[in-house]
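Engineer: Questions regarding the structure given below will be posed in turn.
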Amino acid sequence: MRNKICEELNKSDIGKVVNLCGWVDRRRDHGGVIFIDLRDHSGFMQITINPEDGETLFKQAEILRNETVIMVNGIVNERPKDSINKNILTGELELKVKDLQILNQIKNNLPFPISVHDYENTKEELRLKYRYLDLRRGKLLKNLKTRHKIIKAVREYLDNSGFTEVETPLLTKSTPEGARDFLVPARLSNGEFFALPQSPQLFKQLLMVGGLDKYYQIAKCFRDEDLRADRQPEFTQLDIEMSFISEEEIISFNEKLIKNVWKNVLNINFNEEFPRMTWQEAMDNYGTDRPDTRYEMLLKNLGGILGNIGFNIFTKAIQNGGAIKSITIKDGNTSISNVRIKPGGDIFKVAQDAGAGGLAFIRVKGDELETIGAIKNNLNKDHISTILKITEAKDGDLILLGAGNTQIVNQSLDRVRQYIAKDLKLIEKDKWNFLWVTDFPMFEMNEEEKRFEALHHPFCSPKNIKLEDSKELKEKIESSTAHAYDLVLNGLELGGGSLRIHQAEMQREVLRTVGLTDNQINEKFGFLIEALEMGAPPHGGIAFGVDRITMLILGEDSIRETIAFPKNQQAKCLLTNAPSNVSKSQLKELDIEITIDE
């Protein structure tokens with residue numbers, strides 16, 4: 001049908017006869033000559049139709065509506081100098097049409113404009129419902145092509161490094177991995193269910209037991225969890241696993257892989273090694289294990305000085321094993337008013353939404369500190385000097401403080417830090433601050449259930465523990481750090497991985513530590529334990545979020561802008577109306593009966 005696409009055309013094609021296909025982006029009638037911007041997946045080409053080219057042809061052109069699908073045949077001409085459009089690649093050319101065929105009309109008015117000339121800020125719900133039209137606008141198509149380029153660069157690099165791409169099952173066993181599983185009823189096994197995988201974790205470990213050595217997969221994963229801008233119920237993961245490998249070797253290899261992606265897609269070179277930070281350093285200085293290092297405002301520990309001044313809130317925080325921390329906003333006295341940091345203010349609310357009871361503040365004015373009387377009246381000159389030294393605050397700076405449970409203090413000051421950095425435009429948008437976070441704790445305490453939970457997952461290998469330490473194995477595991485590592489970029493986790501447990505008894509003990517009985521271990525993970533008993537090699541790996549990497553490379557705010565057909569924040573597909581009801585006969589085949597609480 002066509003022998004060229006729009007943006008393939010250049011001055012060397014002048015005088016040639018070509019066939020083009022696409023959509024009418026817009027039609028203009030200027031003094032009897034009809035101009036049409038023809039759009040295809042590559043871009044635009046202006047086509048012209050004159051009355052002298054034939055009455056039938058001209059009448060066809062007169063009735064064309066935007067988004068009509070057409071095929072045109074004509075001669076490529078150079079545009080007059082006064083009509084050159086420098087905004088498109090073919091802006092110096094036009095096609096003088098000799099023949100026009102309408103391939104498809106549009107039946108109804110469009111729900112929103114497609115042409116860049118009529119572009120409007122369409123509501124996302126409408127864009128998701130008519131995703132095929134949203135794709136036609138061009139921006140999303142470019143995003144999908146960039147995504148393809150990223151995956152292509154990954155595949156080429158891994159293929160050249162001796163990796164084998166292997167597909168693992170999508171219908172698998174439900175195992176406790178943190179989020180809820182999506183369950184699939186098994187018709188041939190009454191009352192039993194498959195689960196869609198939250199990750200290929202166990203299968204890739206079994207591939208290492210099988211001797212594959214180097215594996216990767218562009219894997220679909222599924223998690224039934226609450227959604228936000230950078231999460232979807234189904235998402236794409238770059239999954240990597242290697243045998244006979246150390247933590248240092250995994251980090252080094254994957255750093256080169258990521259650098260290669262940025263070079264291939266954005267033509268950006270990173271010559272320096274990515275910096276590293278332990279989990280404890282990240283929590284102490286940023287309040288999060290995903291620190292954004294593009295700006296300052298580090299958290300400072302003031303518990304040693306403020307916990308003893310006699311202010312009740314501070315005293316209780318330290319007595320209860322909590323923390324008193326601060327962040328310093330340079331020139332905050334002029335940029336942030338009291339209204340914003342007091343109850344009802346936007347910054348106060350950010351801290352409150354993160355679980356904090358509130359915020360205390362200190363304004364530095366010369367050598368004096370301005371704050372509420374209950375704090376100020378208990379500060380002497382030594383206190384003031386120490387506070388200024390620890391916080392590195394100067395005249396005109398604002399110090400914000402959080403006190404209480406350490407986790408809540410960290411979480412609230414981290415959120416406030418991010419909020420203020422955006423508000424005061426402290427973030428360099430074009431900066432790529434990669435960071436490896438290492439030495440994660442093996443476990444964290446679930447305070448509600450009073451039990452340990454794996455911080456990453458229960459297959460991470462603990463550091464500096466050997467099976468020979470059997471008498472102290474349980475105690476050592478509970479307090480150990482893991483051979484675990486995350487790659488963070490600009491405050492978002494790109495990927496995470498670990499060395500895996502390859503000894504069956506160590507794996508049993510870790511699963512016991514997270515609260516599983518031996519019977520539960522055998523029921524849920526018996527196949528893995530059995531495999532580890534049959535000569536499993538030391539192995540480890542990592543998984544990267546493809547959607548999130550694409551989002552960051554494109555500079556988008558949501559991964560929905562990187563996925564062809566995403567779900568909304570209620571996990572619904574507005575295009576197909578999924579999930580939906582199914583027929584009674586389908587449910588009967590599965591022996592499922594649905595009851596809905598009134």
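These residue numbers are counts, starting from 1, taken along the chain as shown.
Positions of Cβ are set from backbone N, Cα and C atoms, glycine also.
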Engineer: Taking 201-204, 257-260, 593-596 as the choices, which stretch does Swiss-Prot tie to region 'Aspartate'?
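Structural biologist: The listed stretch tagged region 'Aspartate' in Swiss-Prot is 201-204.
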Engineer: Which of Glu165, Glu167, Glu281, Glu493 shares the ATP site with Arg223, Asp224, Glu225, Gln232, Gly545, Val546, Asp547, Arg548 per Swiss-Prot?
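Structural biologist: Looking at Glu165, Glu167, Glu281, Glu493, the one Swiss-Prot places in the ATP site next to Arg223, Asp224, Glu225, Gln232, Gly545, Val546, Asp547, Arg548 is Glu493.
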Engineer: Determine the mean pLDDT over the region 'Aspartate' (201-204), rounding to the nearest whole number.
Structural biologist: 96
Engineer: Could you say whether, by DSSP, Arg548 (ATP binding site) belongs to a helix, a strand or a coil region?
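Structural biologist: Looking at the DSSP assignment, Arg548 (ATP binding site) belongs to a helix.
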Engineer: Quick one: give me the count of other CB atoms within 10 A of the CB of His456 (L-aspartate binding site).
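Structural biologist: Other Cβ atoms found within 10 Å: 19.
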Engineer: How far apart, in angstrom, are the most distant Cα atoms among the ATP-binding residues Arg223, Asp224, Glu225, Gln232, Glu493, Gly545, Val546, Asp547, Arg548?
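Structural biologist: For the residues that bind ATP, the greatest Cα distance is 19 Å.
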Engineer: Only counting partners 6 or more residues apart, tell me which same-chain residues put their Cβ under 8 Å from the Cβ of Arg548 (ATP binding site).
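Structural biologist: Arg548 (ATP binding site) has long-range Cβ partners Asp230, Leu492, Glu493, Leu494, Ile559.
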Engineer: Taking DSSP states H, G and I as helix and E and B as strand, how many residues of the region 'Aspartate' (201-204) are helix, strand and coil?
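Structural biologist: DSSP classes over the region 'Aspartate' (201-204) add up to 4 helix, 0 strand, 0 coil.
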